[in-house]
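J.: Before anything else, here's the structure in question.
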Amino acid sequence: AAASAAKEQRDAAALEDKRERKRQDDDYVFHKQWDLEKDEKRTIERLAAEHKREAERELYKWADDAEGRAAPEGEEELVTYFDKQLVEGGELEVKDGVVPLPGTYHAKTKRSEVVASALSDAPRAQFDIRAGGEKKDKGGEEKASVAEVTEEEEERIAKAERERLEEEERFRSARREQEFEKASKLTEAKEKKAEEAERARKAKEEAEAERKKKAAEEEEKWRETQRRKIKEYEEKKAAKEARAARRAARGEGEKNKKAKSKEAGSDEEE
């Protein structure tokens, strides 16, 4: 009865384990399938968004070609002076990431006449169809002045670029000097630390050698003392044995004398 009850318990436990494994497997399959479906959904959404962007680009390109507009040079949006964050900077200074407030001079953000006229709403004289004949006659002079201003602007831009490159080179040179000085200091510190460690090691070795030397001397003194004590003990023991031998010899002589005298007395009586 006990064996059958134990077998039933084992069978019930095995059945429960089998059911638990099946449940875990079903949960794993369900969650795995769920994750795969979510990944597939995300992929489909990304592909749909990409296809939408491609279709929009094709549509815009077709519209530009149909209407005769020139294709844009880049995808970046035009960022003007007032679109940037206004941060007050020092006058006559060129600082990366610093935009001065309006009205202050700055080599990087100072507007030329060409840029100001390009950003203004007023129409250009040489392209203004509303202008009269007098303005049209002056178109050549304005073109020449614009060309001159453009050359001056290009020279100014080139000069500013050269100054920027020189400033960057000075900055890199100073940075290299700082790094070299820092590396030199680190090297000196490492060498000094190594020298101190070497001196400490030598001092430790010398102290250890001195300690061993003193220990050897102490041991030699102890051995010498022990040898002297052993020698004194042996001498005392030998002297004691000699005295005992002499006493024994004297006692034996006296005993022999007594025996002889006793024998002589007995002979006389006879």
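Glycine is no exception: its Cβ is also placed from the backbone N, Cα and C atoms.
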J.: When TrEMBL marks a stretch as region 'Disordered', which of 1-24, 25-48, 49-72 is it?
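T.: My reading of TrEMBL: the region 'Disordered' range is 1-24.
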J.: Using DSSP, break the compositional bias 'Basic and acidic residues' (7-24) down into helix, strand and coil residues and give each count.
T.: 18 helix, 0 strand, 0 coil
J.: Over the span of the compositional bias 'Basic and acidic residues' (220-270), count residues by DSSP class, listing helix, strand and coil in order.
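T.: Summed by class, the stretch gives 50 helix, 0 strand, 1 coil.
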